[in-house]
Amino acid sequence: MNYKQPTQLQAAILDWAGTVVDFGSFAPTQIFVEAFGEFGVEVSLEEARGPMGMGKWDHIRTLCDRPAVAERYHAKFGRTPTDADVTAIYERFMPLQIDKIGLHSALIPGALEAIAALREKGLKIGTCSGYPAVVMEKVVELARQNGYVPDHVVASDEVPNGRPYPAQSLANVIALGINDVAACVKIDDTWPGMLEGRSAGMWTVALTCSGNALGVTYEQYKSMPQDKLDQQRIRIGRMLEGSRPHYLIDTIAELPAVIDDINARLSRGEVPQNT
(Lines of atoms letter the chains of each structure in order from A and count residues from 1; the text may use other names and numbers.)
(Lines give C-alpha, C1' and ligand atoms only; values in the text may rest on other atoms or scores of the structure.)
Protein backbone atom coordinates (compact mmCIF):
# COMPACT_ATOMS: atom_id res chain seq x y z
CA MET A 1 0.00 0.00 0.00
CA ASN A 2 1.32 3.45 -0.91
CA TYR A 3 1.09 6.65 1.08
CA LYS A 4 -1.52 9.05 -0.25
CA GLN A 5 -1.38 12.70 0.73
CA PRO A 6 -4.63 14.25 2.00
CA THR A 7 -6.43 16.47 -0.47
CA GLN A 8 -8.61 18.32 2.04
CA LEU A 9 -8.71 19.19 5.71
CA GLN A 10 -10.36 16.79 8.13
CA ALA A 11 -10.12 18.69 11.43
CA ALA A 12 -9.54 22.08 13.01
CA ILE A 13 -7.87 22.14 16.43
CA LEU A 14 -9.02 25.30 18.18
CA ASP A 15 -7.59 27.04 21.21
CA TRP A 16 -10.08 28.49 23.70
CA ALA A 17 -9.28 31.84 25.40
CA GLY A 18 -8.48 34.49 22.82
CA THR A 19 -9.55 32.22 19.98
CA VAL A 20 -13.17 31.14 20.55
CA VAL A 21 -13.99 32.74 23.93
CA ASP A 22 -12.71 35.69 25.98
CA PHE A 23 -11.75 38.33 23.40
CA GLY A 24 -8.41 39.75 24.54
CA SER A 25 -7.64 36.69 26.69
CA PHE A 26 -8.28 38.52 29.95
CA ALA A 27 -9.36 35.62 32.19
CA PRO A 28 -5.94 34.02 32.75
CA THR A 29 -3.89 37.21 32.56
CA GLN A 30 -5.60 39.13 35.35
CA ILE A 31 -5.56 36.09 37.64
CA PHE A 32 -1.79 35.70 37.28
CA VAL A 33 -1.43 39.29 38.46
CA GLU A 34 -3.75 38.66 41.41
CA ALA A 35 -2.08 35.37 42.39
CA PHE A 36 1.40 36.91 42.50
CA GLY A 37 -0.06 39.91 44.31
CA GLU A 38 -1.32 37.69 47.12
CA PHE A 39 2.33 36.77 47.75
CA GLY A 40 3.32 40.43 47.76
CA VAL A 41 5.04 40.25 44.38
CA GLU A 42 4.01 42.71 41.68
CA VAL A 43 3.59 41.38 38.14
CA SER A 44 2.24 43.62 35.39
CA LEU A 45 -0.40 42.59 32.87
CA GLU A 46 2.20 42.88 30.13
CA GLU A 47 4.58 40.56 31.98
CA ALA A 48 1.78 38.10 32.70
CA ARG A 49 0.89 37.93 29.00
CA GLY A 50 4.40 36.96 27.90
CA PRO A 51 4.28 33.14 28.27
CA MET A 52 0.56 32.86 27.47
CA GLY A 53 -0.39 29.59 25.82
CA MET A 54 1.69 27.38 28.10
CA GLY A 55 0.20 25.21 30.81
CA LYS A 56 -0.43 27.37 33.86
CA TRP A 57 2.26 25.86 36.13
CA ASP A 58 4.81 26.24 33.34
CA HIS A 59 3.53 29.78 32.76
CA ILE A 60 4.20 30.69 36.39
CA ARG A 61 7.62 29.00 36.30
CA THR A 62 8.52 31.01 33.19
CA LEU A 63 7.39 34.25 34.84
CA CYS A 64 9.45 33.45 37.94
CA ASP A 65 12.51 32.83 35.77
CA ARG A 66 12.34 36.33 34.33
CA PRO A 67 15.06 38.43 36.00
CA ALA A 68 12.77 41.33 36.94
CA VAL A 69 10.17 39.05 38.57
CA ALA A 70 12.83 36.91 40.26
CA GLU A 71 14.41 40.08 41.68
CA ARG A 72 11.08 41.23 43.14
CA TYR A 73 10.49 37.79 44.61
CA HIS A 74 14.00 37.79 46.12
CA ALA A 75 13.39 41.22 47.63
CA LYS A 76 10.25 39.87 49.32
CA PHE A 77 11.42 36.41 50.42
CA GLY A 78 15.22 36.52 50.34
CA ARG A 79 15.50 33.82 47.67
CA THR A 80 14.73 33.23 44.04
CA PRO A 81 11.56 31.21 43.40
CA THR A 82 11.92 27.44 43.70
CA ASP A 83 9.60 24.88 42.11
CA ALA A 84 7.88 24.61 45.49
CA ASP A 85 7.28 28.36 45.41
CA VAL A 86 5.89 28.07 41.88
CA THR A 87 3.53 25.33 43.06
CA ALA A 88 2.37 27.52 45.95
CA ILE A 89 1.54 30.36 43.53
CA TYR A 90 -0.16 27.88 41.19
CA GLU A 91 -2.28 26.51 44.03
CA ARG A 92 -3.44 30.04 44.80
CA PHE A 93 -3.98 30.79 41.11
CA MET A 94 -6.28 27.83 40.50
CA PRO A 95 -9.20 28.67 42.85
CA LEU A 96 -9.06 32.30 41.71
CA GLN A 97 -9.23 31.16 38.09
CA ILE A 98 -12.11 28.76 38.70
CA ASP A 99 -14.02 31.40 40.65
CA LYS A 100 -13.67 34.13 38.01
CA ILE A 101 -13.61 32.24 34.71
CA GLY A 102 -17.27 33.04 34.11
CA LEU A 103 -16.50 36.77 33.96
CA HIS A 104 -14.69 36.21 30.66
CA SER A 105 -16.68 33.39 29.06
CA ALA A 106 -18.41 35.21 26.19
CA LEU A 107 -17.92 33.77 22.72
CA ILE A 108 -15.84 35.88 20.35
CA PRO A 109 -18.05 37.56 17.72
CA GLY A 110 -18.24 35.44 14.60
CA ALA A 111 -16.98 32.27 16.30
CA LEU A 112 -20.18 30.24 16.09
CA GLU A 113 -20.71 31.18 12.46
CA ALA A 114 -17.12 30.33 11.52
CA ILE A 115 -17.23 26.98 13.30
CA ALA A 116 -20.55 26.14 11.62
CA ALA A 117 -18.93 26.93 8.26
CA LEU A 118 -16.04 24.58 9.08
CA ARG A 119 -18.46 21.79 9.93
CA GLU A 120 -20.24 22.37 6.62
CA LYS A 121 -16.87 21.86 4.91
CA GLY A 122 -16.60 18.47 6.63
CA LEU A 123 -14.18 19.37 9.41
CA LYS A 124 -14.29 17.91 12.90
CA ILE A 125 -13.66 20.36 15.73
CA GLY A 126 -11.01 19.47 18.28
CA THR A 127 -9.85 21.81 21.03
CA CYS A 128 -7.07 22.28 23.53
CA SER A 129 -6.08 24.85 26.13
CA GLY A 130 -3.42 25.90 28.58
CA TYR A 131 -6.06 25.45 31.28
CA PRO A 132 -6.04 22.22 33.34
CA ALA A 133 -9.06 19.90 33.33
CA VAL A 134 -10.62 21.35 36.49
CA VAL A 135 -10.87 24.77 34.81
CA MET A 136 -11.80 23.37 31.40
CA GLU A 137 -14.85 21.64 32.86
CA LYS A 138 -16.29 25.04 33.71
CA VAL A 139 -15.13 26.67 30.45
CA VAL A 140 -16.71 23.90 28.38
CA GLU A 141 -20.00 24.10 30.27
CA LEU A 142 -20.21 27.88 29.88
CA ALA A 143 -19.48 27.53 26.16
CA ARG A 144 -22.18 24.87 25.84
CA GLN A 145 -24.69 27.28 27.37
CA ASN A 146 -23.69 29.76 24.65
CA GLY A 147 -24.13 27.22 21.85
CA TYR A 148 -20.57 25.96 21.32
CA VAL A 149 -19.96 22.21 21.65
CA PRO A 150 -16.71 20.95 20.08
CA ASP A 151 -16.11 17.30 19.23
CA HIS A 152 -13.21 16.88 21.64
CA VAL A 153 -11.37 18.74 24.41
CA VAL A 154 -7.83 18.19 25.71
CA ALA A 155 -6.71 20.05 28.84
CA SER A 156 -3.07 20.85 29.58
CA ASP A 157 -2.79 18.28 32.39
CA GLU A 158 -4.23 15.43 30.32
CA VAL A 159 -0.98 14.93 28.37
CA PRO A 160 2.64 14.46 29.50
CA ASN A 161 3.74 17.84 28.11
CA GLY A 162 1.67 20.88 27.27
CA ARG A 163 2.45 23.56 24.72
CA PRO A 164 4.73 24.19 22.92
CA TYR A 165 4.95 20.39 22.72
CA PRO A 166 2.53 18.84 20.18
CA ALA A 167 0.86 16.39 22.59
CA GLN A 168 -2.51 18.14 22.96
CA SER A 169 -3.02 18.54 19.23
CA LEU A 170 -1.95 14.95 18.61
CA ALA A 171 -4.33 13.72 21.33
CA ASN A 172 -7.11 15.39 19.33
CA VAL A 173 -5.94 13.67 16.15
CA ILE A 174 -6.18 10.29 17.84
CA ALA A 175 -9.54 10.96 19.51
CA LEU A 176 -11.11 12.34 16.33
CA GLY A 177 -9.88 9.47 14.16
CA ILE A 178 -7.91 11.67 11.76
CA ASN A 179 -5.64 9.68 9.45
CA ASP A 180 -3.02 12.35 8.66
CA VAL A 181 -1.76 15.36 10.60
CA ALA A 182 -1.37 17.23 7.31
CA ALA A 183 -5.18 17.20 7.14
CA CYS A 184 -5.39 19.26 10.34
CA VAL A 185 -5.13 22.96 11.07
CA LYS A 186 -4.27 24.47 14.47
CA ILE A 187 -5.78 27.86 15.31
CA ASP A 188 -4.38 29.84 18.25
CA ASP A 189 -3.51 33.35 19.41
CA THR A 190 -0.13 32.53 21.03
CA TRP A 191 3.35 31.51 19.94
CA PRO A 192 3.30 28.31 22.06
CA GLY A 193 0.10 27.34 20.25
CA MET A 194 1.73 27.95 16.87
CA LEU A 195 4.78 25.89 17.84
CA GLU A 196 2.43 23.16 19.04
CA GLY A 197 0.72 23.01 15.66
CA ARG A 198 3.98 23.21 13.72
CA SER A 199 5.55 20.46 15.83
CA ALA A 200 2.47 18.30 15.25
CA GLY A 201 2.92 18.66 11.47
CA MET A 202 -0.25 20.68 10.98
CA TRP A 203 -1.24 23.83 9.15
CA THR A 204 -1.26 26.79 11.55
CA VAL A 205 -3.35 29.96 11.74
CA ALA A 206 -2.41 32.72 14.17
CA LEU A 207 -5.05 35.16 15.40
CA THR A 208 -3.47 38.57 15.81
CA CYS A 209 -6.25 40.72 17.25
CA SER A 210 -8.65 38.60 19.34
CA GLY A 211 -6.19 37.25 21.85
CA ASN A 212 -3.23 37.73 24.07
CA ALA A 213 -0.94 39.65 21.72
CA LEU A 214 -3.20 42.67 21.21
CA GLY A 215 -4.85 42.30 24.61
CA VAL A 216 -7.86 44.57 24.15
CA THR A 217 -11.63 44.12 24.33
CA TYR A 218 -13.71 43.62 21.19
CA GLU A 219 -15.07 47.14 21.51
CA GLN A 220 -11.55 48.58 21.77
CA TYR A 221 -10.47 46.54 18.75
CA LYS A 222 -13.40 47.76 16.65
CA SER A 223 -12.84 51.40 17.60
CA MET A 224 -9.06 51.38 17.16
CA PRO A 225 -7.87 53.81 14.45
CA GLN A 226 -6.88 51.96 11.29
CA ASP A 227 -3.29 53.21 11.29
CA LYS A 228 -2.77 52.10 14.89
CA LEU A 229 -4.37 48.72 14.18
CA ASP A 230 -2.08 48.25 11.18
CA GLN A 231 0.93 49.04 13.37
CA GLN A 232 -0.24 46.48 15.92
CA ARG A 233 -0.69 43.83 13.22
CA ILE A 234 2.90 44.42 12.10
CA ARG A 235 4.19 44.23 15.69
CA ILE A 236 2.29 41.03 16.42
CA GLY A 237 3.33 39.48 13.12
CA ARG A 238 6.97 40.08 14.02
CA MET A 239 6.41 38.66 17.49
CA LEU A 240 4.93 35.46 16.02
CA GLU A 241 7.39 35.20 13.13
CA GLY A 242 9.68 32.74 14.90
CA SER A 243 6.84 30.25 15.37
CA ARG A 244 6.22 30.28 11.60
CA PRO A 245 2.43 30.43 11.31
CA HIS A 246 1.16 29.63 7.83
CA TYR A 247 -1.52 32.33 8.10
CA LEU A 248 -2.15 35.49 10.12
CA ILE A 249 -5.72 36.77 10.50
CA ASP A 250 -7.43 39.14 12.92
CA THR A 251 -10.04 36.82 14.42
CA ILE A 252 -11.73 33.47 13.96
CA ALA A 253 -14.43 35.19 11.88
CA GLU A 254 -11.97 35.20 8.95
CA LEU A 255 -11.14 31.49 9.28
CA PRO A 256 -13.50 29.94 6.66
CA ALA A 257 -11.69 31.70 3.80
CA VAL A 258 -8.37 30.37 5.10
CA ILE A 259 -9.79 26.83 5.20
CA ASP A 260 -10.74 27.16 1.54
CA ASP A 261 -7.21 28.28 0.70
CA ILE A 262 -5.62 25.39 2.61
CA ASN A 263 -7.89 22.91 0.85
CA ALA A 264 -6.83 24.37 -2.49
CA ARG A 265 -3.18 23.98 -1.52
CA LEU A 266 -3.72 20.40 -0.37
CA SER A 267 -5.41 19.58 -3.67
CA ARG A 268 -2.27 20.87 -5.44
CA GLY A 269 -0.11 18.51 -3.43
CA GLU A 270 1.21 20.97 -0.85
CA VAL A 271 1.73 19.85 2.75
CA PRO A 272 2.25 22.01 5.85
CA GLN A 273 5.65 20.56 6.70
CA ASN A 274 7.18 21.91 3.48
CA THR A 275 5.78 25.45 3.64
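Every residue, even glycine, has its Cβ placed from backbone N, Cα and C.
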Same Mg(2+) site as Asp15, Ala17 according to TrEMBL: which of Asp189, Asp227, Asp230, Asp250?
Asp189
Could you measure between Lys56 (active site, schiff-base intermediate with substrate) and Asp189 (Mg(2+) binding site) for me? Cα positions, answer in whole angstrom.
16
Most crowded position, judged by CB atoms within 10 A, among Asp15, Asp189 as recorded positions
Asp189
Residues lining the Mg(2+) site besides Asp15, Ala17, Asp189 (CB within 8 A of their CB center) are Trp16, Gly18, Thr19, Val20, Asp22, Ser25, Met52, Gly53, Ser129, Asp188, Thr190, Gly193, Leu207, Ser210, Gly211, Asn212
Students should find that the Cβ of Lys56 (active site, schiff-base intermediate with substrate) has, within 10 Å, a number of other Cβ atoms equal to 25
Helix, strand or coil at Asp189 (Mg(2+) binding site), per DSSP?
coil
